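Features as listed in Swiss-Prot:
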| type | residues | note |
| --- | --- | --- |
| REGION | 2-189 | region 'N-terminal domain' |
| BINDING | SER113, LEU114, LEU115, PRO116 | (6S)-5,6,7,8-tetrahydrofolate binding site |
| REGION | 210-315 | region 'C-terminal domain' |
Amino acid sequence: MSDSLRIIFAGTPDFAARHLDALLTSGHNIVGVFTQPDRPAGRGKKLMPSPVKVLAEEKGLPVFQPVSLRPQENQHLVADLHADVMVVVAYGLILPKAVLDMPRLGCINVHGSLLPRWRGAAPIQRSLWAGDAETGVTIMQMDVGLDTGDMLYKLACPITAEDTSGSLYNKLAELGPQGLITTLKQLADGTATPEAQNEALVTHAEKLSKEEARIDWSLSAAQLERCIRAFNPWPMSWLEIDGQPVKVWQASVIEDATQSLPGTILAATKQGIQVATGKGILNLLSLQPAGKKAMSAQDLLNSRREWFIPGNRLA
């Protein structure tokens, strides 16, 4: 292709690998791949390569795994590749200004939200958590700030009432490569039109924690149901019963008003375990006790009915 670009790709997880895969068939020249160092994983804590490294090595691409890009010798790794552009997708390392300025067309990033909404670490989860009607991907020109650069291209997708972070992740992993390939074409032929982010519309997608995922019964049933979908597959919403954590995979909202204190078990039937919240009733449908597989409320009641006596309160 005549407008082929020399591209450095920087990314680490599966989400990034899907973008690298799309680039490999786009006609551009991938001159190097940067990814995080191998990390211990699994029960044996064996060093495991990132999904991006696995794909890059499979395709015979040069792979670089610096712990940081701050040292000058590591910055030379980037400079020596003489790239037109660096594509960054969920890389996990900060790019110093010296690196951002090295490629002729700078560095571009695929971000999992419609910027300036949800800058930061957990945009997919926060869009669900907040009850947003849509999300998408933004391809942006990187600068030294956190997701503050000019926007080059956006693609939106609706958020459904069934979406979890897992399903939304897959949708955006399809959209991202489309937006990336389009943006690279525009950069190559000089038609890209950068648009500054409106600072008045900025929201921040804070990292998730296991403690935040603990169910707080004082919240509304609607908010809790969104949390359950937002925190799936990680860190998973959970509650504590008899000193052990029980994950909640699925729930529904019953809008009925209740005078019972938040956390009070109102009913436990094959239709679900109904619990009073700060507003409305949360109907627990699928749960997972520690060391067990996820199961329906009915199956859990068959073995642990004493956990869910109506009138008792969950912590």
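Quick reminder: no glycine exception, Cβ is built from N, Cα and C everywhere.
The model shown is predicted, which means the values in this text are computed figures rather than measured ones.
Annotated features, which come from Swiss-Prot, shown on the structure.
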residue : record                                     : Cβ contacts under 8 Å, 6 or more apart
SER113  : (6S)-5,6,7,8-tetrahydrofolate binding site : ARG119, PRO123, ILE124, ARG126, SER127, THR135, GLY136, VAL137, THR138, ALA205
LEU114  : (6S)-5,6,7,8-tetrahydrofolate binding site : GLU134, THR135, GLY136, VAL137, THR138, LYS154, ALA156
LEU115  : (6S)-5,6,7,8-tetrahydrofolate binding site : THR138, MET140, ASP147, MET151, LYS154, GLN197
PRO116  : (6S)-5,6,7,8-tetrahydrofolate binding site : GLN197, ASN198, GLU199, LEU201, VAL202, THR203
Give me the sequence-ordered set of same-chain residues, not including SER113, LEU114, LEU115, PRO116, with a C-beta within 8 angstroms of the centroid of the (6S)-5,6,7,8-tetrahydrofolate site's C-beta atoms.
HIS111, ARG117, TRP118, ARG119, PRO123, GLY136, THR138, ASP147, MET151, LYS154, GLN197
In three-state DSSP terms, SER113 ((6S)-5,6,7,8-tetrahydrofolate binding site) is classed as coil
Secondary structure content of the region 'C-terminal domain' (210-315), with strand meaning DSSP E or B
22 helix, 41 strand, 43 coil
